[in-house]
Protein chains: 4
Amino acid sequence: MHQQNPVFIPGPTNMPEVLRKASDMPTIDHRSPMFGEILRPGLAGVKKVLKSEAASIFVFPATGTGGWETAITNTLSPGDRVLAARNGMFSHRWIDMCQRHGLNVEIILASWGSGAPADRYEEILAADKAHEIKAVLVTHNETATGVRSDIAAVRRAIDAARHPAMLFVDGVSSIASMDFRMDEWGVDIAVTGSQKGFMLPAGLAITAFSPKALAALETAKLPRTFFDVRDMSKSYENNAYPYTPAVGLLNGLKVSTEILLAEGLENVFARHKRIASGVRAAVRAWGLELCATSEDLYSDTVSAIRTPEGFDATSVVTHAAKKYDVAFGVGLGEVAGKVFRIGHLGSLTDVMALLGIATAEMVMADLGLAIKLGSGVAAAQEFYRSSHVPAGQGAA
Amino acid sequence: MHQQNPVFIPGPTNMPEVLRKASDMPTIDHRSPMFGEILRPGLAGVKKVLKSEAASIFVFPATGTGGWETAITNTLSPGDRVLAARNGMFSHRWIDMCQRHGLNVEIILASWGSGAPADRYEEILAADKAHEIKAVLVTHNETATGVRSDIAAVRRAIDAARHPAMLFVDGVSSIASMDFRMDEWGVDIAVTGSQKGFMLPAGLAITAFSPKALAALETAKLPRTFFDVRDMSKSYENNAYPYTPAVGLLNGLKVSTEILLAEGLENVFARHKRIASGVRAAVRAWGLELCATSEDLYSDTVSAIRTPEGFDATSVVTHAAKKYDVAFGVGLGEVAGKVFRIGHLGSLTDVMALLGIATAEMVMADLGLAIKLGSGVAAAQEFYRSSHVPAGQGAA
Amino acid sequence: MHQQNPVFIPGPTNMPEVLRKASDMPTIDHRSPMFGEILRPGLAGVKKVLKSEAASIFVFPATGTGGWETAITNTLSPGDRVLAARNGMFSHRWIDMCQRHGLNVEIILASWGSGAPADRYEEILAADKAHEIKAVLVTHNETATGVRSDIAAVRRAIDAARHPAMLFVDGVSSIASMDFRMDEWGVDIAVTGSQKGFMLPAGLAITAFSPKALAALETAKLPRTFFDVRDMSKSYENNAYPYTPAVGLLNGLKVSTEILLAEGLENVFARHKRIASGVRAAVRAWGLELCATSEDLYSDTVSAIRTPEGFDATSVVTHAAKKYDVAFGVGLGEVAGKVFRIGHLGSLTDVMALLGIATAEMVMADLGLAIKLGSGVAAAQEFYRSSHVPAGQGAA
Amino acid sequence: MHQQNPVFIPGPTNMPEVLRKASDMPTIDHRSPMFGEILRPGLAGVKKVLKSEAASIFVFPATGTGGWETAITNTLSPGDRVLAARNGMFSHRWIDMCQRHGLNVEIILASWGSGAPADRYEEILAADKAHEIKAVLVTHNETATGVRSDIAAVRRAIDAARHPAMLFVDGVSSIASMDFRMDEWGVDIAVTGSQKGFMLPAGLAITAFSPKALAALETAKLPRTFFDVRDMSKSYENNAYPYTPAVGLLNGLKVSTEILLAEGLENVFARHKRIASGVRAAVRAWGLELCATSEDLYSDTVSAIRTPEGFDATSVVTHAAKKYDVAFGVGLGEVAGKVFRIGHLGSLTDVMALLGIATAEMVMADLGLAIKLGSGVAAAQEFYRSSHVPAGQGAA
């Protein structure tokens, strides 16, 4: 039979019917006024999701990686110093990108499983009396380890060091699923993609620039054209793009923000937290541990689960796919083979989460781990039963 | 959030992506040769699914109820005697229809939970020396009680009584999910719909006529036009319909038979049996009983589960819908309030079944039944783990 | 390449994107409250489209032919007299259905190309002193000949004859495209389908019953079950169906009435008239004549165009399909080979109509008719240019 | 009413049903083997469309502009000299991109309406004895002017000059619609997008690298990460992407190449030529001229039509959109206000082209140009009638 089980990868997520339909559009003239009716509310919606009044939103036909490149190439110049913590595969990759674009990256090494260390940020920034560091990079949610870092704390660190550096945040796997406060946290650039909390197909790099970041456009010397924010900004004035926009996805983005805001952001975040809590209850019932080293770091969008020493965690993923047609995420980089990941973001219900948990149980039992069938499910059921579960509001 | 959980009603079933797309067609000219390329293979495919060489297939833009009406109005005349067992809501309704069309129905009352009693059929037919009984009606799978009757045994009963009556079988919730042998069982008319084993939206009444049933067209005096098989048959000769066909659904039917036959009918049946067996393992683990009174009667498409005396089984369904957004089936007629039903036919996987089981567990626990969370899931997991589970073959 | 040209058959029509998407729904539980949220507004919307306050709407999973059967079997008894004009293939078929159901049909023969003769209706009704005639049948728009009859005139005829017969109107190819006034015209049953003015796939028989027609349910003795209005009515009280409803199509119907009412019924009718007028201008420019014998009879949904003596009009249709992949309608019954039909109802624009006209021109020229290329197009262009054309209001 | 007319912009094109459905996929795990079954045949199909044995195909989630950036950043270093003709807006933009990335562009100014002048390329290359010019850029089809340049001639120019420069070709609006011979013409990098000849939504930058271009990856010093071909190439070895791929669009690309190759590339090209020829016949009948200055330059995918002196050509586009809901293309850059463009690429039929022509006629007449209604249509009809037109092969 054909693919019909939900996926439990940490993005792209399961897509609601209404967003698939919104994204699947017939061709329209993207230079006609119709396009503005799609673009404008989409951008405005993203801004609300980011809890920002001040930001300018720019959406590129690309992915989150393109969003990273947009952030650095539009605001920095070759040789510029940036400060970044490396605590997982995605923070690692952004650092690598910076280096490949000729930036001088001050790397804070942090263990995979820990958060971005605000104290270390503060120390280094305080020491940078010459204010050579132009930007501070933080990965809000490390998709590889299931760790959420404290962006507010990093902002406090920058402020405590009285440092003028801009704050760039990778919110790819957090935004629209977990609380994100662009203005309150003083984020200068936020980056995300369409295929996570917005529950759309991959294909949009979504970026938000603070006025300070916009000002940096004028001095930044890194070459860029496709990702040039000035071109994009100028085109937006005419409700247009500097090249052909991904109209269907943008329409999907518009509708996605509509349904997120209609549900209420806090409800969206609470839903993610509730579903994640059920998964974590299952992990505890299995006697396993998360990669995230403390509760305050637990991600509500993805759980990276450590398997016992000597066991190949990747086999969970391959076996689940092969035998049960269910997709989990493998461990990446330093935690490859040590963790498997359950993505629990986007369009998911409590009972869909139970499907994933039940599958993981069978898989681990099949592979010889001492997992009691039904144990994780029961723990999650207990949690879901007792937490409030609003039922669906009708067909999508 | 929007509807995204699978349904566990005994039809309409969950639909595979490929069938939704096949059914969602732009308008074509149904009088053009294109239509024949949809109709012909669809009819041929249905014939194969019925394991018939001899039958003629007629598909009406209606539902299974329309199929019943097609069966009786095309072959019988007012006042004709027919013999039928009443062992559930759907056999009851077919009998009611016969009566409303002026047929004289000999009703075999059977308890709801039992099958159609072949021995009683034989007795009555044997006693009908004058061969006044023109047709024998049997409901292959009583959707209301989750009971599969033995059609081969009814055929043997007819033969043992040396009675010329035609055998009409309601296979609405069995065909394309459980073994059905039109020719071997000597079925004269088989009736089903698009929304069960064929996994399509409701909207097609699918009927199969043996040569003997076709011969009866000439003498049948019950009025019919919309459901007239002669009109349909004549139009089919020109790859056309006597009125506007439901082209998209017919295209869906064509593709449905293609994917069923590609999977292999025996594999389809085995898959239904495996998934049903897991559900039944869960029911046993819960300490509950099926409405079906013995194992040989267990339906592989729907399980009607008896709840303890004094408990309103319907509350399981309403609570599941309201709190968890999961749809089960209520008890109907004589078993209303006494059973709830888990549909497990059509496009379903082992792990989707676990979702349904896990939900039912939470619901029953919520409602105060002494159900141990995870118990049914664990029993089903154990079964699914040890039975062969072929994984999906790619995206639909 | 694949089918991509619009169709010009007189239904099923081209479908707007929004209605295809509305009809293509995932499975929901049709016994859940969600279904009522689809059914209720759909029924209410149909009522408004019919300009009725008093009617009860019943929608069956069938086609317009099923709607005819619903009308007669729910209100009449075997042997009842009905009065009907036969002025085309569809009025012919409804008469045939009546006869097959044992009704005694008084047939007014009218030439194909003329309308239903109100004066003849009046004569016969006036002569029926015993009021044996129970129902008067009229085909509002003869799809076969492109003739619109004057229902108000038939109502006046009935009233002038002071006759209590019910008035049944086949509005299959008029309703939702041309003005229809259920209450004002005193229509007792109106019948239509989903695939014409409602621009949906075929699969719904849509009927409207006046209180008088509803009263007749109690005395009608024609057998019916699938099409029983009492069962349907009783189920509607619980927002349910007596059998499995075609949920997706009903959702399509809901949305269809929404978009029709949002456009404004008079705008919808004006749009059809404008597009039809352009087609008629082309026909005049070609030097051809319509089957409809006078201007007041011209249908705004379909034009049946007479080709010169000795020319096989059907060849226009086969050639257009084969060479240009464009579908027109053939002549039926008495006008087979004498006319071809251009359907211009439903989701169509002025410029789509020009496509159809341009195609017809090429086809006729290919087949040796003395048609000047561009002549019909120019006439239609001239008309469309000068009539008001509101442009699209955005992507569907 | 809603958007339903075909578009006549020079991309994104009208999309065949089958490609919309192929692109609208449920989420799959892009790290599972399923993804390779989409990626591999898609890449192989593109290679065949390019008539290449030697090329490596790399597809980025971006647009054609991203493809340009891929070409230059992966093969060149800051300060490198490149040679490019500027004969329209898109060649202008590629040159601008080169300059923004620090390349030293030798610009051959050519009039808008002329092709890339092979003789001038040869002169300059011959003069570059030091072989400082690393790459020669040519726009195969200038979408702004409807001009197709002779790539084979540019190749001959390079060879005649015995120059080792790489040949980069923008085939955005030519590839998959007009003949393109990667290997025979010695193209080193070809660039296109998904939304033109491949008839998909925008969102894929499709690039092809010759072995020589691949070799240049090792020495190129322009910074790149998102568009890094080495990362992409390395990931492809594992049927993966360096970041999240646009799975649905890639599946669309796979199916697009299947239907193009099934039709036969020469048939695809002939179809475009036939449809374009009809449009050009209409232009002649109107007494207007193309922007392209000679017949050998005529593009088969887009016609830029000069309007009379003093007339604002842009008004054609705005009026067509507003009054008739039909989208044409405006003139860009130097020819803004002087031309309007009819796109005739992708999923289009002869009769759809007639719709566009008929609309343009009405618009021009509305705006006071001395255009005889029907004149262009008649000229195109005459052409289409006499050229072979294979009809559709069934529903998409």
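Residue positions begin at 1 at the first shown residue.
Positions of Cβ are set from backbone N, Cα and C atoms, glycine also.
Residues or ranges marked as substrate binding site in TrEMBL: C:R341. Under the heading domain 'Aminotransferase class V', TrEMBL lists C:38-286. Summarising the annotation, TrEMBL assigns N6-(pyridoxal phosphate)lysine to C:K196.
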Cα-Cα, C:R341 (substrate binding site) versus C:K196 (N6-(pyridoxal phosphate)lysine), nearest Å, comes out at 15
Listed in sequence order, the residues of the same chain lying six or more positions from C:K196 (N6-(pyridoxal phosphate)lysine) whose CB sits under 8 Å from its CB are C:P10, C:G11, C:P12, C:T13, C:G64, C:V172, C:S173, C:I175, C:A176, C:S177, C:T301, C:L345, C:G346
One finds that other Cβ atoms within 10 Å of the Cβ of the residue listed as 'substrate binding site' number exactly 27
C:K196 (N6-(pyridoxal phosphate)lysine), DSSP three-state class -> coil
The mean pLDDT across the domain 'Aminotransferase class V' (C:38-286) is 98
